[in-house]
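Working notes, structure below.
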Amino acid sequence: MALRTGGPALVVLLAFWVALGPCHLQGTDPGASADAEGPQCPVACTCSHDDYTDELSVFCSSKNLTHLPDDIPVSTRALWLDGNNLSSIPSAAFQNLSSLDFLNLQGSWLRSLEPQALLGLQNLYYLHLERNRLRNLAVGLFTHTPSLASLSLSSNLLGRLEEGLFQGLSHLWDLNLGWNSLVVLPDTVFQGLGNLHELVLAGNKLTYLQPALFCGLGELRELDLSRNALRSVKANVFVHLPRLQKLYLDRNLITAVAPGAFLGMKALRWLDLSHNRVAGLMEDTFPGLLGLHVLRLAHNAIASLRPRTFKDLHFLEELQLGHNRIRQLGERTFEGLGQLEVLTLNDNQITEVRVGAFSGLFNVAVMNLSGNCLRSLPERVFQGLDKLHSLHLEHSCLGHVRLHTFAGLSGLRRLFLRDNSISSIEEQSLAGLSELLELDLTTNRLTHLPRQLFQGLGHLEYLLLSYNQLTTLSAEVLGPLQRAFWLDISHNHLETLAEGLFSSLGRVRYLSLRNNSLQTFSPQPGLERLWLDANPWDCSCPLKALRDFALQNPGVVPRFVQTVCEGDDCQPVYTYNNITCAGPANVSGLDLRDVSETHFVHC
């Protein structure tokens, strides 16, 4: 569909430009011909003749034309008139262009099309009329384009469509009516479009869909009704769409979905009901959707989830329920979702998750529970989620991690616990996470780490502990992290680092110690980036090795790093990495790298 996937129009656009490769471009000068012995190219246009296909394309885009060129060659196959100031298309304007199969009139300030404007275009395949000022279209306008496969009328001012407007377009495949001002559609407006595969009605003002509206559209694959003013989804509206695969109902005003509203839609793979006002889901809301893979219900007003609500969705792979008002997850909430891979429940009001809430989710790989207020999670609440590899619990009011909170997550790769209030983590509570690669504990209230906290995490590569209240860090704690690559312990209260703290971490390449209370530090070999700023460094003899290391490796310990900037108005941002001396007094305020060699002469 043009709106969601780029659509045939974009494919054609690219195809024509690719075709220019072997073409001989002419016509940039008035009177230039498209071929040495061929027809003349219109003044102010550019012509391209493909020697391989023997097809002629005429480009008259953005020439500020107020009327159509008079001398368009009759052999033209593609005509680009977009971006002009045409106002209207008179009758029989293209009557001599019987070979034309592509016509682009988008963005040309068209206010009207005469009923016979398309006369003679019996071979036209693609017609672009989007981004104009059209308010109405005469019945019979398209009777002259029986071969039309793609018609785009999006972003006009259409307030109504007459019955019979699309009569005779039996080959139409793609129809885009999005971003107009349509309020009501005639019952039979789409009759005769038996081959239609993609229909866009997004961005209109539709408040109601009558049951007969989609009769005869048995081949339809995608239907976009997003960004309208629909208030409910009635039964039997979509019953005539047995082959529909994608249905977009997002960003409407829907408060209720009738029982069996989607009955018979066995081919449906994608259903988007996000950004509405749906308050509740019933057990009979989704019966019959045996082929559904994606269900999006985020940004609604759902307050609770009843058991067995999703029982018929055996092949569902993605379920989005974020940004609702769900308060509790009870047992068997997700029963029947054995193929589910992605479950998002972020930014609800969940305060309680009962053991058994996630039972049956044998294949779930990503779970997002962030933005709730769980405070604590019952032990073994994630039991049985053997294939879960990413668990998001950010900003969830967690204060404590119990011994068996994460029991059963043997395949977990990424655990996100940042922006909580975690002040304690029980010893070995992470021991079962043998496949963990990334652990994010940023912005919590940790003052110390249990000695065996990371026992069993031999595969961990990324450990983020910044913005806590750590005062000490023992070598025994980090010892098991043999594969640690990225270590961030910035913004803590560390005053000293234990001897040999990082010696066992031979793979560490990124180390951030900024914003602590460190006075000394011995550099580690193998580092690729070291952040040391905002510490009260004692620039006496013990820091000479760090000075030499920093001077010899400016790429590892840069004075500043410029953030990559994009856009014309983007201002570069610099992150500084100062090693500012707090003492002795004679070098106080200097950067360690600027302290002279004579200062260390007696070391």
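Keep in mind that glycine also has a Cβ here, set from the backbone N, Cα and C atoms.
According to Swiss-Prot, the N-linked glycosylation site annotation covers Asn64, Asn85, Asn96, Asn368, Asn515, Asn578, Asn586, on the basis of sequence analysis. Residues annotated as repeat 'LRR 2' in Swiss-Prot: 99-120. The annotation repeat 'LRR 4' is assigned in Swiss-Prot to 147-168. Look at Swiss-Prot and you will find 243-264 tagged as repeat 'LRR 8'. The repeat 'LRR 9' annotation in Swiss-Prot covers 267-288. What Swiss-Prot records for 291-312 is repeat 'LRR 10'. Under the heading repeat 'LRR 12', Swiss-Prot lists 339-360. Look at Swiss-Prot and you will find 387-408 tagged as repeat 'LRR 14'. Taken from Swiss-Prot, the feature repeat 'LRR 19' applies to 507-528.
In sequence order, Ile72, Val74, Gly120 constitute the residues six or more apart from Asn96 (N-linked glycosylation site) in its chain with CB-CB distances below 8 Å. Calculated from their C-alpha atoms, the gap between Asn64 (N-linked glycosylation site) and Asn85 (N-linked glycosylation site) amounts to 6 Å. The glycosylation sites under consideration are Asn64, Asn85, Asn515. Their Cβ neighbour counts within 10 Å are lowest for Asn64.
Comparing the glycosylation sites Asn368, Asn578, Asn586 by how many other C-beta atoms lie within 10 angstroms of each C-beta, the top residue is Asn368. Long-range contacts of the repeat 'LRR 14' (387-408) within the same chain: residues 346, 362-381, 414-430, 432-433, 435, 440, each at least 6 residues beyond the stretch ends and with a Cβ under 8 Å from a Cβ of the stretch. The two recorded residues, Asn515 (N-linked glycosylation site) and Asn578 (N-linked glycosylation site), show a Cα separation of 11 Å. In this structure the C-alpha atoms belonging to Asn85 (N-linked glycosylation site) and Asn368 (N-linked glycosylation site) are separated by 51 Å.
Secondary structure at Asn368 (N-linked glycosylation site), taken from DSSP and collapsed to helix, strand or coil, is strand. Annotation note: Asn64 (N-linked glycosylation site) sits in a coil segment as assigned by DSSP.
For the pair Asn368 (N-linked glycosylation site) and Asn578 (N-linked glycosylation site), the C-alpha distance works out to 38 angstrom.
Cα spacing between Asn586 (N-linked glycosylation site) and Asn578 (N-linked glycosylation site): 18 Å, rounded to the nearest whole number. Annotation note: Asn578 (N-linked glycosylation site) sits in a coil segment as assigned by DSSP. Under the DSSP three-state reduction, Asn515 (N-linked glycosylation site) is assigned to coil, being neither helix nor strand.
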